[in-house]
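In TrEMBL this protein carries:
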DOMAIN    137-256  domain 'Cyclic nucleotide-binding'
BINDING   E206, R215  3',5'-cyclic AMP 1 binding site
DOMAIN    259-379  domain 'Cyclic nucleotide-binding'
BINDING   E329, R338  3',5'-cyclic AMP 2 binding site
Amino acid sequence: MSQTRQTAEQYLEEKHIKQLLQRIVVSLLEARPENPETHIVSLLSSNPRSNESTEKWPTLNGKPTDSIAFSSIGGGALATGRRQSAINPSVLSNGSLSRRKAMSSKMTSSTTVEIRVVPKDEATFQQLEESVKKVDLFSFLQDEQRRTLVNAMFPCEYNDNDIIIKQGDQPDNFYILKSGKCRVLKRTGDREAQVAVLTPGHYFGELALISGSTRSATVVADGHVDCWAIDQTTYLGLLKEQHNKKRQQYRALLKNVPFLKVLQDYEILLVADALCPVNPSKGEEVVKQGDDGDEFYIILQGECIVSKAENGGEPKEVGRLRSGDYFGELALMQNTPRAATVSAGDNCKLVKLDRASFHRLLGPCSEIFTQNMRLYQSTK
């Protein structure tokens, strides 16, 4: 991986850009405004966040297919390092398709989508999951979300010269090529030329899941072809469902934090939206005794070990924290050093809130929280 890409990915991770962008997408889906730009400006100005959000967006500027290195995953080829489509997005962006023998999701209402589970054997599921991990658009998904996405993918099959997607059509599905070979054709004026060949493991059409612009290339089956596909309605329904589920989970956790009980429900939801997931490895020190801290943590899953060193001695375990417990709360209101070290146990999943986000969201309540914090500390 180049230094430039490492720096870019580090920035995206540190600033939680993928969380911010998913939050914007979910809001757009809920409101479906006529003017998306104005809606986004209003969303961000009325509910500002620091560098915490809710989830990543695809890289839209790829290199031509022949410049991308590929590696084998489950018998197929996938781009390594770039996590882009096998097709340069400037060649093939979004659009609809003509498809055969495809099972699709069922819309149960204008706002609710029934996300079906399409049966797959374990080997197929694992191969698809590995393929999905390589797609930039899906890189922000948590394990549960990714499994739901893979479960919903449905099979499509095509015969020789069948058109899978056609240049100029409206967007519909994203595809992973399971078997066979496809030709990518690009028309400019009256001239149509082949610009790429796709083989098993390649994927295409991912931008159809998030954009309404038409397909900019045609993909044709070269012999018999089998694909796995996911449609836009299911994908966006999954995003919205998972966002709402996570929001309510975080809301329930925050309501059990004593010094936050002064918050109104809408304020709790603001804080819930600002929480950022943290998945430390076993034994990793989440906070260290004596360090400065500005982040507050709540345990979603697993446990954490609390240890403390007295008078310069060796740290000794003094307690364990489990799901629903929290630590580092003084960091939200005070600049005190960490009083103990907290390390992750098995299968530990946390969420965190930093001081800057907390004060940006709830700054006018700072004095109330300070008083509430003092009372809370006196009764601990």
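Using N, Cα and C of the backbone, Cβ positions are placed for all residues, glycine too.
Keep in mind it's a predicted model, so treat the numbers as computed, not measured.
Distribution of TrEMBL features across the structure.
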| residue | record | DSSP class |
| --- | --- | --- |
| E206 | 3',5'-cyclic AMP 1 binding site | helix |
| R215 | 3',5'-cyclic AMP 1 binding site | coil |
| E329 | 3',5'-cyclic AMP 2 binding site | helix |
| R338 | 3',5'-cyclic AMP 2 binding site | coil |
Same chain, 6+ residues apart, C-beta under 8 Å of the C-beta of R338 (3',5'-cyclic AMP 2 binding site), given in sequence order: V287, K288, Q289, G290, D291, D292, G293, G328, A331
Confidence summary (mean pLDDT) of the domain 'Cyclic nucleotide-binding' (259-379): 84
E329 (3',5'-cyclic AMP 2 binding site) and R215 (3',5'-cyclic AMP 1 binding site), distance between Cα atoms, whole Å: 50
Between the binding-site residues E206, E329, where is the Cβ count within 10 Å the lowest? E329
Would you mind checking how many other C-beta atoms are within 10 angstroms of the C-beta on R215 (3',5'-cyclic AMP 1 binding site)? 24
Pairwise CA distance, E329 (3',5'-cyclic AMP 2 binding site) versus E206 (3',5'-cyclic AMP 1 binding site), rounded so that it is a whole Å: 41
